[in-house]
Amino acid sequence: MDFTQVPPSYILGVLLSSTSILFCLKYLLRSGYRPPELPSGPTTVPLFGNELQVPKADAHFQFTKWAKQYGGMFSLKRYMNTTIVITDRKLMKSLLDKKSNIYSHRPASLVSHLITQSDHLLVMQYGEEWRMLRKIIHQYFMEPNCEREHWKVQEAEAKQMLHDFLTMPEDHMLHPKRYSNSITNSLVFGIRTATVHDEYMDELFYLMDKWSLVQELGATPPVDSFGLLRILPQWMLGNWKNRAVEVGDLMQALYSKVLDQVRARRQRGVYRDSFMDRVLDNLEKTPLTENQLRFLGGVLMEGGSDTSSSLILTIIQAMTKYPEVQAKAHAQIDAVVGSERSPSWSDFAQLPYINMIIKESHRWRPVSPLGVPHAVAEDDRVNNTLIPKGSTIVLNVWGMHHDPDRWSEPEHFQPDRFADYPALASTYAASGEWDKRDHYGYGAGRRICPGIHLAERNLFIGVAKLLWAFEFSEPLGSRSDISAESGASQGFLHCPKDYGCAIRLRAPEKRETIMREFEEAQGVFSRFD
């Protein structure tokens with residue numbers, strides 16, 4: 001063949017094609033490969049790495065097994081992605097807290113972007129926008145505001161929760177959800193959730209169930225770490241894109257509707273001291289887009305409604321299985337509070353066992369067993385191993401909470417573990433000492449839950465009142481499933497599955513107190529009519 005006669009365009013095409021093929025081969029050969037400088041981990045296979053070994057649901061169980069084998073920090077290769085799983089509390093402190101400037105980012109996620117357009121604080125990248133929105137939330141929900149004002153709404157809603165458990169015990173799975181949702185919506189929007197059949201509450205928990213499933217680690221095809229998957233028909237990969245878009249549409253519909261109601265009220269000249277009222281009052285000083293406004297209210301509605309209610313339901317279920325714990329709580333409450341009133345936030349220091357029960361519920365059944373993944377913004381070295389820039393950082397909350405070297409018989413509900421932790425969780429989260437942390441139910445680093453002060457009071461007030469009023473037990477002939485493997489919903493957020501519960505009023509005179517306090521709560525509720 002006379003190559004001198006070959007057109008230059010043909011030669012150029014061959015070179016470009018060859019280069020493309022070589023590039024693709026290099027890409028495919030690198031995919032799934034674990035370089036020796038990474039932390040150790042389970043054996044990889046070409047292309048996939050460890051992707052096929054990562055469970056599609058409840059990965060925290062497998063991650064905890066791997067942590068025992070490979071240590072408190074191990075790595076997974078998921079196609080081109082490097083995932084670092086941390087189960088070591090000391091490492092958690094030294095990386096996420098002490099190096100928070102590089103460990104506060106989120107992994108790039110097409111699914112999260114499809115759902116939220118990257119305006120949701122939970123999945124938003126760390127930067128100026130995140131800091132600005134976080135500051136707005138902090139200013140309203142910081143501890144002095146909870147101590148001075150917000151507790152009044154919490155007390156009133158807890159009084160209704162007692163009334164609802166007394167008069168509608170068959171809806172015991174819904175009352176904690178209404179309680180936490182009404183506190184949140186009242187403070188954020190100035191809108192109460194008056195009944196368990198409230199439209200906004202139904203829509204929120206419906207979308208939260210779907211979002212939890214979509215966001216769970218391993219549940220969605222790894223389209224971010226292996227981009228070629230994006231071009232495949234999505235029906236081959238579980239319709240991942242349609243599922244994400246559906247969740248986004250549900251969020252937009254609900255959050256727009258609630259925001260519109262706030263604006264309509266303000267147009268009628270009715271202003272309230274709610275979070276969203278303050279944000280709208282300050283739009284000239286701190287301008288926000290319409291989408292930012294929707295998701296700013298939405299993220300608070302989600303976080304404030306789901307975590308507290310899931311933990312209260314966990315505690316009630318634990319009381320049915322551990323009657324000795326319930327009896328000890330009853331005895332302490334009875335020694336401090338009579339029948340003429342129910343416990344209040346002012347009783348916190350005198351009821352340390354209630355605080356222990358709450359901490360143990362966080363440890364025993366964490367709402368988010370793997371937290372929300374972080375990402376590292378630049379290369380970092382830990383103990384002579386490399387954590388590459390862009391790596392996904394997973395907090396194995398479950399593994400830390402069920403570490404038998406720290407907690408004896410971790411599968412059992414034993415509140416006395418926390419006898420030496422009398423303060424609120426925020427105190428230990430702020431400690432500079434890694435071994436002083438009580439639990440990781442609120443996350444770690446700069447991404448720690450901004451509503452931690454409100455949530456701690458939600459839980460104490462609600463649980464103290466419920467245990468003052470009632471004795472919870474399993475119905476005759478019925479046994480609820482408290483198994484960690486099968487007793488809770490799947491997703492990145494966990495809640496106990498529906499369970500039966502027999503509810504007995506502890507003393508006849510408490511009925512009168514419950515009804516009277518419910519009537520007194522109407523004075524607070526009238527602010528939201």
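Keep in mind that glycine also has a Cβ here, set from the backbone N, Cα and C atoms.
Features as listed in Swiss-Prot:
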BINDING   Cys449  heme binding site
CARBOHYD  Asn81  N-linked glycosylation site
CARBOHYD  Asn383  N-linked glycosylation site
TOPO_DOM  1-8  topological domain 'Cytoplasmic'
TOPO_DOM  26-529  topological domain 'Lumenal'
TRANSMEM  9-25  transmembrane segment
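Structure coloured by features recorded in Swiss-Prot.
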residue	record	Cβ neighbours (10 Å)
Asn81	N-linked glycosylation site	22
Asn383	N-linked glycosylation site	8
Cys449	heme binding site	20
Fill in: Between Asn81 (N-linked glycosylation site) and Asn383 (N-linked glycosylation site): CA-CA distance (Å)
21
Practice prompt. Kindly assign the residue listed as 'heme binding site' to one of the three DSSP-derived states: helix, strand or coil.
Written response: coil
Discussion item. Whole-number answer please: how many Å between the C-alpha atoms of the residue listed as 'heme binding site' and Asn81 (N-linked glycosylation site)?
Written reply: 26
Practice prompt. Could you check what DSSP calls Asn81 (N-linked glycosylation site) once collapsed to helix, strand or coil?
Written response: strand
